[in-house]
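Participant: OK, TrEMBL features for this one:
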TRANSMEM  25-44  transmembrane segment
TRANSMEM  50-70  transmembrane segment
TRANSMEM  91-111  transmembrane segment
TRANSMEM  117-137  transmembrane segment
TRANSMEM  158-181  transmembrane segment
TRANSMEM  219-236  transmembrane segment
TRANSMEM  242-262  transmembrane segment
TRANSMEM  278-295  transmembrane segment
Amino acid sequence: MIVADSSVPLPADWRDLFALTKPRVMSLVVFTALCGLLAARSGIDPVLGFTAILCIALGAGASGALNQWYEADLDAKMKRTAGRPLPSGRVDRQTALHFGVGLAVFSVLMLGLATNWLAAGILAFSIFFYAVVYTVWLKPNTPQNIVIGGAAGAFPPLLGWAAASGSVSTLPALLFAIIFLWTPPHFWALALFVKTDYAAAGIPMLPVTAGARATRQQILLYSFVLAAAAVAPWALGLTGAIYGLAAVALNAVFVALAVRVWRNQATEPQGMKPEKRLFAFSILYLFILFGALVADRLVLS
Ligand code: HEM
Ligand SMILES: CC(C)=CCC/C(C)=C/CC/C(C)=C/COP(=O)(O)OP(=O)(O)O
């Protein structure tokens with residue numbers, strides 16, 4: 001009989017390593033980076049553009065792997081995350097750390113060499129911000145964790161823009177602001193219906209520390225400010241009507257869903273249909289808004 005020696009790391013399956021990169025969440029990160037790159041209208045060489053997006057995807061994946069390396073014990077405590085490769089034992093911690101650090105270094109260097117060092121610097125900062133500032137420092141210590149930490153996820157359009165043009169300007173800064181303001185309603189809507197999980201893991205998410213009422217008010221507040229930021233590129237003449245109309249329509253729906261959340265009194269996940277709807281719509285919202293931006297910029301160019 002062969003007895004497995006638990007001190008010898010198992011060779012990780014590529015599917016588990018892929019899962020360490022949080023591919024579903026990162027798909028939107030990569031999409032917004034691609035939109036930033038295309039919106040820069042720099043006429044970047046397609047091979048270079050593809051390389052840049054690949055580097056951003058690898059860097060974002062690296063930060064997801066480092067986040068899971070650090071949070072393996074915490075993920076084991078939550079039903080939603082207990083099946084991830086580390087808590088379920090399909091990947092050992094050392095492999096995850098090597099994979100995350102290796103991918104981070106490779107993606108930053110390759111982006112710098114292929115495009116420019118401004119973009120590479122922003123990528124390095126985003127990885128550091130998510131893996132260290134958010135994961136290690138903010139998440140376990142403050143209910144404002146995702147407000148400040150959300151900045152990490154807001155960098156991709158700036159990254160795409162910088163990779164294509166070597167600079168940043170008002171429009172990419174507004175794209176950063178849009179994702180930054182979008183993150184709290186996106187996440188708090190979800191945190192309301194998985195609240196018990198975070199409480200069990202001792203994470204001070206707003207619904208746990210301030211309660212559902214205060215969280216719902218914050219969601220509504222952020223959705224108003226988000227609407228203003230999302231319409232701003234059009235109002236300032238930086239985009240055309242395709243983007244403008246999409247922004248107005250999408251934000252009307254977003255605010256309407258946030259109002260339903262604000263009105264909802266439910267305390268149990270079964271009664272949280274408005275929160276589930278807002279969370280699902282938040283993802284569609286960014287895909288369409290950024291898609292409209294590219295359509296608008298391509299039509300105008
Ligand atoms: C600190 C900020 C954020 C937090 C705490 C957060 C948290 C979460 C959580 C817990 C989920 C549930 C599903 C899962 O575990 O995979 C989720 C889903 C998702 N998030 Fe976020 N998120 C944040 C920011 C972002 C950003 C910036 C993006 C992209 C621009 C994003 C894109 C997505 C997508 C696409 C999903 C759906 C994934 C699926 O279909 O499973 N999130 N988010
Ligand atoms: C380099 C680069 C562009 C990085 C992108 C960073 C990024 C997309 C951050 C998004 C934040 C995110 C996925 C949070 C998940 O929260 P969590 O980790 O608290 O969620 P969990 O409870 O599911 O682990």
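Note: Cβ is positioned from N, Cα and C throughout, glycine not excepted.
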Participant: Ranking 25-44, 50-70, 117-137, 219-236, 278-295 by the number of C-beta pairs under 8 Å to the transmembrane segment (158-181), which range is first?
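Facilitator: Going through each listed stretch, the top one turns out to be 25-44.
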Participant: I'd like to know if the transmembrane segment (117-137) touches the transmembrane segment (219-236) in this structure, counting it as a touch only when three or more C-beta pairs sit under 8 Å and are separated by 6 or more positions.
Facilitator: no
Participant: Counting only residues 6 or more past its boundaries, what in the same chain has a CB within less than 8 Å of a CB in the transmembrane segment (25-44)?
Facilitator: 52-53, 56-57, 60-61, 64, 153, 156-161, 163-165, 171-172, 175, 179, 283, 286-287, 290-291, 293-294, 297-298, 301
Participant: Ranking 50-70, 91-111, 278-295 by Cβ pairs under 8 Å to the transmembrane segment (242-262), which is first?
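Facilitator: If we count Cβ pairs closer than 8 Å to the transmembrane segment (242-262), 278-295 scores highest.
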Participant: For the transmembrane segment (50-70), could you work out the same-chain residues 6 or more beyond its ends whose Cβ comes under 8 Å from its Cβ atoms?
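Facilitator: Apart from its flanks, the transmembrane segment (50-70) reaches 17, 20-23, 25-26, 29-30, 33-34, 37, 44, 84-86, 93, 96-97, 99-104, 106-108, 110-111, 114-115, 119, 123-124, 126-127, 130-131, 134-136, 152, 156, 159-160, 163-164.
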